[in-house]
Amino acid sequence: MSGEYGILFGVLGLYIILGIIINFSFENKAARLFQSLSMIVILGGLSAARAVSVGADTQLYNNLYSWDFEAGNWQNILSSKYPLYSLYTYCLHFISSNPQIIIVMNSLIIVTSVAITIYSYSENVFLSNILYVTLYFFFNSMNISRQFLAIGILLVATVYLNKNKIWLFWILYIGACLVHSTALVGIVFFVIHVIHWNKTRFILSGALGIALLIFYKRILNLFIVLFPAYSMYSIGTSDTNVETLSSQSNGGTLLVTIFYLLFICIATLCKVRFQDENREKRFAFLTVVMIIAVMFGIVFYKNILMTRVISYLSIFSIVYIPEVIDLFILNIDTTSVNRWYIRFLVVCGVIAITCVPLYVQLNKNLSDVIPYVSFVAR
């Protein structure tokens, strides 16, 4: 058993130690940059170096890579269910015909996209990077890589959206949809951005959310009609044969969602807000995204398709949780306690708690990443 986990825990341990050294060696801005670069190099490298046996769907992506080139012509690419992804894999063949390149490129693009997003949203890059690993996302990306490519593209799209570069958002949004059709849910980000949030609009959005929950079956059926390839996921309960988190650990998913809800409640109770107007606006955006993720996550935790769709929203937890911690610290009276000490304890507590879902994911091998084997060693 130790051999199966050895490489993973060795690399992740090295990554944590390096992160701690960076935090204590550099000023905040430089530390955040080096934390992001270390994430790309170490986590991106760990994912890129995996063999085809690591990740339940990795072999499928390798097969698609070969097929896309053999059947590669403009008609087939344009008629593909995922035309941009087909074009991307076709172009990669001009670099190398070895299917390992699709694993390498997918991994680097996904991790780089997440790193860019974390750097843009989070003041505590180190904690956000750790949460990306402990809250299911990193190892899931080794399984459903094509969807995580779309998630990564949408994450970067929201960075531009919050900078009011709307045209870049739409370009990336369309690109994400042409990689994976579930990225259509990204339209929610634009709607959230254009609304100037106040209590009345929060109440109205809650009413709209309830309406969507009531009519979700009709909406889901419409999606299945438009994209019949996803009908296998619409069953969405544990009696399916699909190897996903929702089919193997429904309770675990629900508990993580409730964990997110705890931070939403903390943020709501905080009276002191961020003084930086842009940061406060980003935080409001993240809060609404997480409210939607939690609302749908609680109701649809047994539905596989909805679980995969919700991941476009719930992945923002990796930047939302550190921001809530910062907001919580701002609300502490400095005359009675040391803020740095409290922050340190809270961050350590959050890391310890989120190691539980990481243990569950690896122990149950939910994404089929155990045993981890590198293609270099073969």
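In case you wondered, yes, glycine gets a Cβ from its N, Cα and C as well.
Whatever TrEMBL says is automated annotation, not expert-curated.
The transmembrane segment annotation in TrEMBL covers 6-26, 33-52, 101-121, 133-161, 167-195, 202-230, 250-270, 282-304, 310-329, 341-360.
Below 8 angstroms of C-beta separation, residues 34-35, 38-39, 42-43, 46, 126, 129-130, 133, 362, 369-370, 372, 374 of the same chain, each at least six residues beyond the ends of the transmembrane segment (6-26), sit close to that stretch. Within the chain, the transmembrane segment (167-195) has long-range Cβ neighbours (under 8 A, six or more residues past its boundaries) at 81-85, 88, 146-147, 149-151, 153-154, 156-158, 160-161, 201, 205, 226-227, 230, 285, 288-289, 292, 305, 308-309, 312-313. For the transmembrane segment (101-121), the neighbouring stretch richest in Cβ pairs under 8 Å, chosen from 133-161, 282-304, 310-329, 341-360, is 133-161. Beyond the ends of the transmembrane segment (33-52), by six or more residues, the same chain brings 8, 11, 14-15, 18-19, 22-23, 26, 58-59, 62, 99-100, 103-104, 107-108, 110-112, 114-116, 118-119, 125-126, 129, 132-133, 138, 141-142, 369, 372-378 to within a C-beta distance below 8 angstroms of the stretch. Within the same chain, the transmembrane segment (341-360) packs against the transmembrane segment (250-270): three or more Cβ pairs sit under 8 Å, each pair at least 6 residues apart. Within the same chain, residues 12, 43, 47, 50, 54-58, 61, 82, 85, 103, 106-107, 109-114, 116-117, 120-121, 168-169, 172-173, 175-177, 179-180, 182-183, 186, 189-190, 193, 243-245, 256, 285, 308, 311-312, 315, 317-318, 351, 354-355, 357-358, 361-362, 366-369 sit at least 6 positions outside the transmembrane segment (133-161) and bring their C-beta atoms closer than 8 Å to a C-beta of that stretch.
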